[in-house]
Amino acid sequence: MIHSGTARRRLIAAIGITGAAALALSACATSERGSDTGSGKVGGTFTFGAAGAPKLFDPFYATDGETFRVSRQMYEGLVGFKPGTAEVEPALATKWESTPDGKTWTFTLKEGVKFHDGTPFNAEATCVNFNRWYNQKGAAQSDAVSQYWLDNFGGFADTPDKPSLYKSCTAKDAKTAVVELTGATSQFPSVLGFTSFSISSPEALKKYDADNVVQAGDSFTYPAYANEHPTGTGPFKFGKFDKANNVVELVRNDDYHGDKAKLDKVVFRIIPDETARKQALEAGDIDGYDLPNAADWKGLQDKGFNVAIRPAFNVMYLGINQKNNPKLQDLKVRQAIMSAINREQLVKSQLPEGAKVATQFMPDTINGFNKSVPEVKYDLEKAKSLLKEAGAEGLTLKFYWPTEVTRPYMPSPKDIYGAIAGDLEKAGIKLDTVSKPWNGGYLTDVDNGVPDLFLLGWTGDNGTAQNWIGTFFGRTDNRFNTGASAWGKSLADALAAANSEPDEAKRTQMYSDLNKKIMEEYLPAIPVSHSPPALVLKKDIKGIVPSPLTDEKFGPASKG
Amino acid sequence: MLRYTIRRLIQLVGVVLVLSLLLFAWLRSLPGGPVSALLGERATPESRAALTKQLGLDQPILIQYFKFLGRALSGDFGVSNGVQPGDSAMEIFLQRFPATVELSVFALVIAIVFGIPLGYLAAKRRGTWFDNSSVIGSLVGVAIPVFFLAYVLKDVFSKALGLPSTGRQDAIEATRVTGFFTLDGILTGEWDATFNALEHLILPALALSSIPFAVIFRITRAAVLDVLDEDFVRTAESKGLTAQVIRRRHVLRNAMLPVVTTVGLQTGALLSGAVLTEKVFGFAGVGEALALGFERRDYPVLLLLIIMATIVYVLVNLLVDLSYALIDPRIRAR
């Protein structure tokens, strides 16, 4: 919505022109002001169509993509990711080193950095943040609140039954912070590049009661810091969240320590319906949106929009749960399922251009990917023969697929299910099909081990093997119920050993060996594909680099 | 009349209590649940179990309900985790209710303004081409799905007529007094805001009015046909009363009772139509919040919005019942 005075001026200007054209023209008039620096014009507003409202603005408590997208424009972590890659690069820390055992990390911090409230960034501020994360209390310790901490660092200061990876942080001097861990992990320090572990202003944290999370019935309420006063060091500052009109506004941080943002403002306009987002883009109401339907890519390109395709940094797999059907505990049966699926055809017919057949549970850009693992080709006869050898002819399996969802790795679950189901039936496997809404029973049933086969996937958080195969098989009570297999525990233990190996070369070899074993000896699920998601932008939007981690920063962006 | 009104209001409390229990049990029994909604695909069995315990979802349903009731009585209906994350469910209702009321009233006005006169004329001209084509038109109105009509209006007529189809998001907002954009514009004298709000209402209200219009038209036509055959109309005609007096005093007044009942029922039905219309147009009202609530499994919001929709429905029908007395003196006498 627009306030009356402004609107009156716009209306006067729009006399004789259609309403839509007037809005588009006024938007252009606003966006094209400013000077051209040669690498993109300075000034203007970039309006991004978001699928949902951010839950809050304190990244530590964030758990969803829409919240992270807004936060990452305002905050920075000690490390970041090189644009367009999952490679770690310096951010608030200019360099770091660890002791040989991987337990003590010394970060050298950038100088001259200030938070949006003017508080200086230094080692003390860094340690305040680490200690804040570690000392969460009460409702804030919930899995629904501090999910990323729990997933990556374990427990808190007062949860001895759930030990933490974090031990301490010491400000050696103003620009040197020493972080001690209780054990080595391959994910450190890249985990500090997650938006969740961005550094906040200690003053603002204190002033706005940042840790005061309260459980309210089936949900949680968050303090003023998370709702109204997010204070980071990033190129944009919090402007406002106009809830009535579903608009979040960020403004340029003119005191930013690095290259200042070119845009005056970034506006996130919340449009839940994808068709409506597309129409808003075409009408010129927004400048871009995320995850356009792959079927629309060509049409959008033909209309002159820039479909920015991200590197495929995800995996879609056919999950196999060995819990309910003993036949699935036989490797030959799982191999038969893999041979029965024509993944090449599926990738060609169901996934966007650039998608690839997955030979392992992680992309080939990650250290630990094993190039010697042979690609398993579609072979219907082999599948039938393996089923026969296993005495599993006429096998009946409960196959789940999700409705009311698209994921970056799974653009059209129904079509993907259809393709896989057709192949399995050709091999003589009978399917008892169940479709359920993603949040309306699908995930719950998958987690409760109800289906035998299910479609799921993963988008990587960082470039470590642990973030992929460690997430899938690093525990025995996982979605594949690997604990029921003789090898489930040893696989989990081997992954833990690889994760805690401080020597990078050794660690890479360990993961590489494990990938081979997973594919040739265990096969707990069937990796299907790596699929590139995209975001769509107007042609005049420059400087946004598609990120495999969906970690796009709008700081370097310009309009025109 | 007062005692009747009070009795109906007491009944309303009972209805709401029973309904809230049924709703609560139903929402809790839906697949998915708050744990899935909060944890998403990154959940682990351990995190699921911990959150289930923390939220008290492992307790018997009655205990969960009474805990909810206790909080609700103190005004705490929970916090949204999907529609407008972080906002209280009541805040969301209060923020969006004016939009839905404005849309529904506008749709109802369209339905009444066109439905009653056309129904009357069709009855008066029974069997003519006007009557036949109006009846066919009303059949189409009833049969056409609201969401389909909404998409047609949005995708075709919006461009052709240059009317906005973007809900309320880019509407001009007058200085806020009531939250009703048209009314606020009138109250503050910001006429451009009123005009703009009406422009934003036209297409969604047209879509929403299709079914009530058709129903009101058909009921009016049938009721007027019935009354026209009554002896008292013939008596009035034989007394030499003018057509205008017969129409106003005898025909319309007697035909209005079923029409008013229909209007009351249609007001309730508008709420369900608003879910589809608001979703298509992205109109930020209660209907859109309900649709989003189901999509995102936002249980606190769903529970409150459905309860509030019930209260509104019951209150509207109470008003309809009370209006009978104004229309028909025979009811007043009883």
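Positions of Cβ are set from backbone N, Cα and C atoms, glycine also.
Source: prediction; values computed, not measured.
Under 8 Å from some Cβ of the transmembrane segment (B:9-27) lie the Cβ atoms of residues 61, 64-65, 68-69, 72, 299, 302-303, 306-307, 310-311, 314-315, 318, all in the same chain and six or more residues away from its ends. The transmembrane segment annotation in TrEMBL covers B:9-27 (among others).
Residues annotated as domain 'ABC transmembrane type-1' in TrEMBL: B:97-320.
Among the features that TrEMBL reports, transmembrane segment is placed at B:103-123 (among others).
The transmembrane segment feature in TrEMBL is assigned to B:135-153 (among others).
Under the heading transmembrane segment, TrEMBL lists B:201-219 (among others). Residues 102-104, 106-108, 110-112, 114-116, 118-119, 122, 134-135, 137-142, 144, 146, 149-150, 153-154, 157-158, 163-165, 167, 182, 258-259, 262-263, 266, 269-270, 273-274, 277-278, 280-281, 283 of the same chain, all 6+ positions outside the transmembrane segment (B:201-219), place their C-beta atoms under 8 angstroms from a C-beta of that stretch.
According to TrEMBL, the feature transmembrane segment maps to B:255-276 (among others). Residues 100, 103-104, 107-108, 111-112, 116, 119-120, 145-147, 150, 208, 211-212, 215-216, 219-220, 222-224, 226-227, 285-288, 290-291, 309, 312-313, 316-317, 319-321, 323-324, 327-328 of the same chain, all 6+ positions outside the transmembrane segment (B:255-276), place their C-beta atoms under 8 angstroms from a C-beta of that stretch.
Marked as transmembrane segment by TrEMBL: B:301-327 (among others).
Long-range contacts of the transmembrane segment (B:135-153) within the same chain: residues 122, 165, 203-204, 206-208, 210-211, 213-215, 217-218, 221, 273, 276-277, 279-281, each at least 6 residues beyond the stretch ends and with a Cβ under 8 Å from a Cβ of the stretch. Same-chain neighbours of the transmembrane segment (B:301-327): 1, 5, 8-9, 12, 15-16, 19-20, 23-24, 27, 68, 77-78, 80, 82-84, 89-90, 92-93, 97, 253, 256-257, 260-261, 263-265, 267-268, 271, 286, 289-290, 293-294, counting only residues six or more beyond its ends whose CB sits under 8 Å from a CB of the stretch.
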